[in-house]
Amino acid sequence: MSRLLDRLQEEIDALDALSLRRRRQIAETACAPEQTLTLAGAAAPRTMLGFSSNDYLGLAAHPALAKAWAEGAALYGTGSGGSHLILGHSRAHAQLEERLADWMSPFIPQARSLFFCTGYMANLAVLSALGGADAVIFSESLNHASLIDGARLAKARVERYPHCDVAALDTQLASCDAPVKIIVSDAVFSMDGNIAPVAELLALAERHDAWLVIDDAHGFGVLGATGRGVPEALGLRSERLVLVGTLGKAAGVSGAFVAAHRTVVDYLVQRARPYIFTTAAPPAVAHALLASLALIEGEEGAERRARLLARIAQLRSGLKAVLPADGSAWLAESPTAIQPLIVGDNARAMRIMAQLDGHGLRVGAIRPPTVPAGTARLRIALSASHGEGDVARLVDALGEALFRPAKEAA
Ligand SMILES: *Cc1c(COP(=O)(O)O)cnc(C)c1O
């Protein structure tokens, strides 16, 4: 046994030596910009200003959602009691699916939706069910890990295409004679913040008779006039569109959904193993999500989206003014809440993160293999609940960390 343990320990030590070892912090309080955290190895908790949550609209600790959650638990209890096909499918789940189908019906003819426990599972379900042995999956090279794993689980052959390269994908599709072709892409890239050329991808899907699977984890709730995400922002419409949205990010709760033509959803219910062989999420989650959707599409949602846009603009103009002129750190071109500051090597990213720590600021340092080698970055994630003063503090501290690393590190 000790030899087996030694092997694991050696691998962990190797990660440590490369500044690649991941450590968790413990959140002592609810998700919010000011949050009390116990960092790895620290004796006492600290209250810090964070820029790393996916709570883009600041709904994760919204009292109306907590109230709806409690109400859902009172109505339906805490556990669903089974899988969706065996008594776990509650009225709350059904209402949520109807609501989401309505939401997505402008973009998908005869839309239905299917609720999942997590986005990870939704992606495994869609790709493994649609990607049978006679299919080819065309996978964007910066896709989220859950899409990569979904493609692995599928029996289909997988071809990657270069990041946002519509012409290359066109060529790949043209030389493929498989009866089923599936294009799959993140709508908003999770480590870069840029938006995929989804309208162009959809045109390719039409031309080459392919499905287009779009994962809008970071666009749902945030983009579009009523928060319906990238399909709304870009005005898409097609029965080829299979849309995955996650509900644990901007929606502030948990879970995910697939929206697609009714036949696709019917098929997933029959065939998608990650849907069938798991316990349905608690109905209270679905009940809380109904309240979240109401907030997102209403006036409060619109106000929150406007506040988020103002913080994004403030951060971008503020950081551009303090970035070093030698190009050793640069801000990715991103119109979304995800604003990556690319600094190159892992140790530099960790050092800047440590300096921000000293100022009570928390920003995630993202390193390979999550991003390509040599592009380690600080992934700044903004939220509607950040104030103007919060963003100003971050810009000041980053300006200092980028220009005076030696002094701080000493
Ligand atoms: C977060 C995320 C997921 C996974 O969603 P969960 O609900 O957290 O499992 C899938 N795709 C993308 C692009 C994501 O960012």
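Residue numbers in this text run from 1 along the chain shown.
Yeah, the Cβs are placed from backbone N, Cα and C, and that goes for glycine too.
TrEMBL entries are annotated by machine, without manual review.
Note that the coordinates shown come from a computational prediction; the quantities given were computed from them, not determined experimentally.
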Site-mate of R22, H144 for substrate in TrEMBL, selected among T336, T370: T370
Residue from H84, H89, H218 that TrEMBL also lists as binding pyridoxal 5'-phosphate with G119, Y120, S190, T246: H218
Check: same-chain CB within 8 A of pyridoxal 5'-phosphate site center, minus G119, Y120, S190, H218, T246: N54, N123, H144, S146, D215, A217, V244, G248, K249, A256
Segment confidence, the domain 'Aminotransferase class I/classII large' (47-398), expressed as mean pLDDT: 97
Sequence-ordered binding-site residues from R22, G119, H144, S190, T246, T370 with Cβ under 6 Å of an atom of ligand 1: G119, H144, S190, T246
Alpha-carbon distance [K249 (N6-(pyridoxal phosphate)lysine); G119 (pyridoxal 5'-phosphate binding site)] in Å: 10
Pairwise C-alpha maximum, in angstrom, for the residues (G119, Y120, S190, H218, T246) that bind pyridoxal 5'-phosphate according to the record: 14
Neighbouring recorded positions, C-alpha within 10 angstroms of H218 (pyridoxal 5'-phosphate binding site) - of R22, H144, K249, T370: K249
